[in-house]
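A.B. asks: What TrEMBL records for this protein is below:
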- A:6-26: transmembrane segment (TRANSMEM)
- A:33-52: transmembrane segment (TRANSMEM)
- A:58-78: transmembrane segment (TRANSMEM)
- A:90-110: transmembrane segment (TRANSMEM)
- A:140-161: transmembrane segment (TRANSMEM)
- A:189-210: transmembrane segment (TRANSMEM)
- A:222-248: transmembrane segment (TRANSMEM)
- A:260-277: transmembrane segment (TRANSMEM)
């Protein structure tokens, strides 16, 4: 396998990681919450699409029309009902609450769907590819996943920069008490942020579930890759998250090119090197505060 | 006299065992300006925080335009017409000066689109910050940060503005412009509570003056009468104003 090919595949994989991590980055940027249930929520969305496909024969992309709004509503309710309360309990409370939520969700999924691996079937799209040159072929589906990742991050960025609600989110992220004096209701705004985060993680879950197999325990590794992308890029910076995802994806692809067993390890090593040398990430706080 | 816009009755506030406010009462008519003086630690900023809803009162009532807002949170009170500036400026550092004011106009005043942008810009003009509209707020100098506090409070479209030492650090030439701004607010029917160590600026605008000490109202009434009160002179003017220090160091 040529190095160029590995880099290209890695960039595409990075786009998918960025798609997964976008919601994690947004929630951290706005509320300083590390949502440890983020990975399981992606898996939950994948199971949602799976059930819709199984029962109604819906294509996974059509299922998104249902799964994304449902997950967004779940996100709003989760924030208003649970996380906003946890925020009042110090820095550790949201971490513990989301950790507990991850365990509960994972076991509920296990109870409902067993530990069997599943995969979302996207039909011919899953195997279609484009030939770019000698020995360089990209799959249409990985390309689509990467493009969607970039679009989602760009859309969140535009939302934060140009809409009244987005500005209010940045203001609240800077100083919640001062934002309250501008008439901004932080509880509602946090609900909207988590709704957006879960809406995007639903898209990510469906792409992950169509790219490879998943089971109720897949949330852990999903969270780790997303978290690494966020930290490499710089906590709370959206474009940093995209960069972090790409760095992670390329590292994994290059590692795998040396030996398939080294892929994940290479990603972790790059993460550790960035953490040791640039602890604030490659692009600290660029878009959000 | 018209019905009061703000009625504060028997308000108290404690931090642990420390009593910061005790049985503070005053009222304010629309368009009226009340000055608040008192030594450091008298509870002046705490009083504004309780009125704005930043801190809950431990006792007493805060009534805005006939509505009891004692249990209402700060965001809802802001939408109800209370604008507050911080003594130590707290700009949204990651946003431009204009965006800071725009957020206030969008959410505090409930304006949208063009109307919100116009209100935000008008507030910047009033505060003298319009030429720095596109500057990141985090890079502003201290005085401009204070101006931004004023601009944001004004952009929320308030009926009552709570100003916390916005004149401290201004040059002698700049104070009259600020005084005129506050006077203009009164003409527009906006009531003002103004904490200030620059007493001559206060006296130029306010219709009444209140002196706080140890969380209690020591004297309230006609500014000249309050300033002539022997007790006020003893606790306040006799000490911190002896050198006529206009409060340059009070920003922090």
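Easy rule for this one: first residue shown is 1, then count along the chain.
Cβ atoms are placed via backbone N, Cα and C, with glycine included.
Give me the local environment of each listed feature.
C.D. replies: The list of residues near the transmembrane segment (A:189-210) in space but at least 6 beyond its ends in sequence, with Cβ under 8 angstroms from a Cβ of it, reads 16, 19-20, 22-24, 26-27, 30-31, 35, 38, 41-46, 48-50, 60-61, 63-64, 67-80, 83-84, 87, 118-122, 126, 141, 145, 148-149, 152, 156, 159, 165, 168-169, 172, 218, 222.
For the transmembrane segment (A:260-277), the residues of the chain that approach it from at least six positions outside its boundaries are 225, 228, 231-232, 247-249, 251-254, judged by C-beta separation under 8 angstroms.
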A.B. asks: Report the listed stretch (A:6-26, A:33-52, A:58-78, A:140-161, A:222-248) having the maximum count of Cβ pairs within less than 8 Å of the transmembrane segment (A:90-110).
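C.D. replies: Looking only at A:6-26, A:33-52, A:58-78, A:140-161, A:222-248, the most contacts with the transmembrane segment (A:90-110) come from A:33-52.
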A.B. asks: Could you give the residue numbers and ranges of same-chain residues that sit at least 6 residues beyond the transmembrane segment (A:6-26) on either side and whose C-beta is under 8 angstroms from one of its C-beta atoms?
C.D. replies: 34-35, 38-39, 42, 132, 136, 138-139, 142-143, 145-150, 152-153, 156, 193, 196-201, 203-204, 207-208, 211, 222-223, 225-227, 229-230, 233, 235-238, 240-242, 244-254, 256-257, 288
A.B. asks: Examine the transmembrane segment (A:140-161) against the transmembrane segment (A:222-248) and state whether at least 3 Cβ pairs sit under 8 A, considering only residue pairs 6 or more apart.
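C.D. replies: Contact confirmed: at least 3 Cβ pairs fall under 8 Å.
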A.B. asks: Would you kindly list the residues that approach the transmembrane segment (A:33-52) from elsewhere in its chain, counting only those six or more residues past its ends and only Cβ-Cβ distances under 8 Å?
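C.D. replies: Here the qualifying positions are 20, 23-24, 27, 58, 60, 63-64, 66-67, 70-71, 83, 87, 94-95, 98-99, 101-102, 105-106, 109, 112-113, 118, 120, 197-198, 201-206, 208-209, 214, 216, 218-224, 226-227.
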